[in-house]
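J.: Here it is: the structure, laid out below.
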Number of protein chains: 2
Amino acid sequence: MKVVKVGLLGLGTVGGGTVNVLTKNAQEISRRSGCEIVVSSASARDITRPRICNTDTLHLTTDSQEIINDPDVQIVVELMGGIEPAKSLILEALSKGKHVVTANKALIANHGNELFVAAAENKVTLAYEAAIAGGIPIVKAMREGLSANSIEWLAGIINGTGNFILTEMFEKGSVFSDVLKEAQELGYAEADPEYDVEGIDAAHKLCILASLAFGMPLNFERVYTEGISTVTPLDIAYADELGYRVKHLGVARKTKMGVEMRVHPTLIPEKRLIANVDGVMNAVVVKGNAVGPTLYYGAGAGAEATASAVIADIIDICRDLDTPTVNAVPALGFATSALEELPILPIESITTAFYLRLSVEDKPGVMAAITKILADHGISIEAVQQKEPEQHGDKAQVILLTDSVVEKSLINALTEIESLDSINQPAVRIRVESLQ
Amino acid sequence: MKVVKVGLLGLGTVGGGTVNVLTKNAQEISRRSGCEIVVSSASARDITRPRICNTDTLHLTTDSQEIINDPDVQIVVELMGGIEPAKSLILEALSKGKHVVTANKALIANHGNELFVAAAENKVTLAYEAAIAGGIPIVKAMREGLSANSIEWLAGIINGTGNFILTEMFEKGSVFSDVLKEAQELGYAEADPEYDVEGIDAAHKLCILASLAFGMPLNFERVYTEGISTVTPLDIAYADELGYRVKHLGVARKTKMGVEMRVHPTLIPEKRLIANVDGVMNAVVVKGNAVGPTLYYGAGAGAEATASAVIADIIDICRDLDTPTVNAVPALGFATSALEELPILPIESITTAFYLRLSVEDKPGVMAAITKILADHGISIEAVQQKEPEQHGDKAQVILLTDSVVEKSLINALTEIESLDSINQPAVRIRVESLQ
């Protein structure tokens, strides 16, 4: 049986998981790929550190360059993360005719356009299934499974840490900061949680998903991003009363005006399957104009779940290794020459429904004043509830669900509402998606 | 741009949908495939009948042979259904070096082993994504997306008609026969509903999924099949009280003893995502030993949803059309030479938990007698409820959830229980799956 040698750049959680899965499923993987896939070498900053995998048969090195230069290594797997030196190492590996597999979403989101061209020029594959939603084969689904469709929109829970936090807040009524601490203790959140809870990690993934969906170059800097640190258990509870769950969603939508790319807390009707995706799990809904809504669910992180996607990419490459026509499936699913720059809408121009919470003085005429301002701005109200103050002196809470409205109009209306005498705090607003 | 000519055998719902989707998404499909895909001809029994698609640019014929013989047709799409003449036509098309796409689950389940060998010998592709779960790209997910995994089990709602009926029975408390009539009026069920409600259609799909999962030849005749016509709204309501939904599930599992393949009504904990897949929608959960549980959800039928899968297969073929190495991905995901005959377990040897309902005389000692017999057979009880008779003279209902038990032991215990004086009706039993 043909032996294919793989070199790993990075031997942390995902690298160790990749070695472990290749070992434990070696027989199954050979039966599927027709090859014996061998990790021959791995680089790491400190090669004396204990590893989650057996390293007896690996050549360990601190010098990634050694792996890139090894003529026996046909596939380089980049699992270091970060932009440099990952980017330079990948470019060099591609230029030496090696296929590259990466799980590096930040790198693909920021520099994928350049990297994909380099791969195509060198007639090798740059695969990145593991960069989005861990073990869920969402890149393959979008690039190949749904290739007959014009994609209308997609919406995903694509950060497990954020979903764990919102799930705990919902189930236990806890505040954000407490759950974040718990997530850090459980190892679900980093010591510096900004990438996860402020939506940057989700924005990296969303940007790639949007390009896969609409056939446009990657535009990471154009993704609108809002985190979950301002979400309160009060709003989660009020949303629940109205029949909604609050999820941190990445949404990409193609409209006649242009493309929306946004990551923000979102109310979703509790009846939708994705509203019931809890804990650290991930899921992506993709709406095609032929197939209708489809959903893909699974573990978005973890050593072996991510390794599952890394190795699927390796097997894809092995299955095509003897083929002169490489890159049969283009990196973003559309021929590079067929990618189109599409207008990307600023958040102010986007139309969504809104959940609003206003803290108001409990006196006559307040509700009338609020609803009049909304009406003046052409904003219809879907539902309204007034919650009386729990203690004397507290504010009453007015909860509103609006119909779809251009964000700019809503902001204008809220500016007027917030200037009312009886309103002393800024309104809480969370976007609502029906996902139908 | 390269033009690829496609011939359709059959121009009914899916054939018409295929023409319509290829037309409306022509631009997107060219950008993805690098080809212009043209349906040049289609065969149908009656070419004068009105069609759901425009046929102006098609050559319509009653003679399928004409399409097979056309040297310009590179891809033949078989959408006639049934075994013959579909099988002979496909074999002939393959022998002429044409690639074939089919949505014919009965044919693949019964004759796939022979057909896949014929395709490999002729160095062409026989693709069948549309045969399972309509537009959900589940074949691709299992064959490629999860290729790093040893699959432990899978469970699917893979018949939309059956799921529609069970959903209506749950939501409205209606009896099976009434909902079946409604489904027939809505066009969700055939005039002869046997294939759908007795689980034969689901068994075809399950058999293919099991071979994809475990790398074994297709063994349709070994699938255990039980329909939903005996499910009552009473049992659905009792299951609900216990926190379960009743779904018609196809289950394939690999154990140390052998492979289970079975289609039957099943209680699933309501917390599982798949328990909330309602109406005509389909979903499949696949549990890999690296990735953990993953779920794929979407429309399992319908003209354009099924066409989405048919065209995805066509695009896959187009992307590889210039490649001398065809069949890079083997038909069942494992190299044909690597397929293994695995022992298939008879239903009596399978271990599952059970929901039991017994109609009993409401007198002292009955519960003690029942539980003693279960204990004597080593069957643990997870939950028990006694429902008093609603009217004098009615039977009381004893509802039991057992722990996992070998089916043979349960049958033996039930034989003893049913011979008790106070029990005059056969027990109702429905298998329970935790799906974790």
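Just so it is clear, glycine is given a Cβ too, placed from its N, Cα and C backbone atoms.
What you see is a predicted model, and the numbers here were worked out from it, not measured in a lab.
Annotation comment: TrEMBL describes A:Lys205 as active site, proton donor. Marked as NADP(+) binding site by TrEMBL: A:Leu9, A:Gly10, A:Leu11, A:Gly12, A:Thr13, A:Val14, A:Gly15, A:Gly16. Positions annotated as NADPH binding site by TrEMBL: A:Lys105. Annotation source TrEMBL lists L-homoserine binding site at A:Glu190. Annotation comment: TrEMBL describes A:355-431 as domain 'ACT'.
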J.: Cα-Cα separation of the residue listed as 'L-homoserine binding site' and A:Lys205 (active site, proton donor), in Å?
T.: 18
J.: Let me spell it out: for each of the binding-site residues (A:Gly10, A:Gly12, A:Gly15, A:Gly16), count the other Cβ atoms within 10 Å of that residue's Cβ, using every protein chain shown. Which one has the most?
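T.: Top count of Cβ atoms within 10 Å goes to A:Gly15.
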J.: Would you mind pulling the DSSP three-state label for the residue listed as 'L-homoserine binding site'?
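T.: Looking at the DSSP assignment, the residue listed as 'L-homoserine binding site' belongs to neither helix nor strand, so coil.
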J.: Using Cα coordinates, what distance in whole Å links A:Leu11 (NADP(+) binding site) and the residue listed as 'NADPH binding site'?
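T.: Pair distance, Cα basis, whole Å: 17 Å.
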J.: Within 10 Å of the Cβ of A:Leu11 (NADP(+) binding site), how many other Cβ atoms can be counted across all chains shown?
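T.: A:Leu11 (NADP(+) binding site) is surrounded by 27 other Cβ atoms within 10 Å.
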J.: Starting from the Cβ of the residue listed as 'active site, proton donor', draw a 10 Å sphere and report how many other Cβ atoms land inside it.
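T.: The Cβ of the residue listed as 'active site, proton donor' has 26 Cβ neighbours within 10 Å.
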J.: Mean pLDDT, the domain 'ACT' (A:355-431)?
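T.: For the domain 'ACT' (A:355-431), the model's average pLDDT rounds to 93.
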J.: Within 8 Å of the Cβ centroid of the NADP(+) site residues A:Leu9, A:Gly10, A:Leu11, A:Gly12, A:Thr13, A:Val14, A:Gly15, A:Gly16, which other residues of the same chain have their Cβ?
T.: A:Leu8, A:Gly17, A:Thr18, A:Ala42, A:Ala44, A:Leu79, A:Met80
J.: Say you check the Cα of A:Lys205 (active site, proton donor) against those of the binding-site residues A:Gly10, A:Gly12, A:Val14, A:Gly15, A:Gly16; which is nearest?
T.: A:Val14
J.: Give me the DSSP three-state residue breakdown of the domain 'ACT' (A:355-431), ordered helix, strand, coil.
T.: 23 helix, 27 strand, 27 coil
J.: State the three-class DSSP label for A:Leu9 (NADP(+) binding site), counting H, G and I as helix, E and B as strand, and everything else as coil.
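T.: DSSP assigns A:Leu9 (NADP(+) binding site) to strand.
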J.: Using Cβ atoms only, which residues of the same chain lie under 8 Å from A:Leu9 (NADP(+) binding site) while being at least 6 residues apart in sequence?
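T.: The answer is A:Ala42, A:Ser43, A:Ser64, A:Ile67, A:Val76, A:Val77, A:Glu78, A:Leu79, A:Met80, A:Ala86, A:Leu89.
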J.: Same-chain residues six or more away whose CB lies under 8 A from the CB of A:Thr13 (NADP(+) binding site)?
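T.: Non-local contacts for A:Thr13 (NADP(+) binding site): A:Ile52, A:Gly302, A:Ala303, A:Thr306.
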J.: Restricting to the same chain and to sequence separations of six or more, state which residues have a Cβ under 8 Å from that of A:Lys105 (NADPH binding site).
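T.: Sequence-distant Cβ neighbours: A:Tyr128, A:Ala131, A:Ile132, A:Asp201, A:His204, A:Lys205, A:Ile208.
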J.: Reduced to three states, what secondary structure does DSSP give A:Gly15 (NADP(+) binding site)?
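T.: Where A:Gly15 (NADP(+) binding site) sits, the three-state DSSP reduction gives helix.
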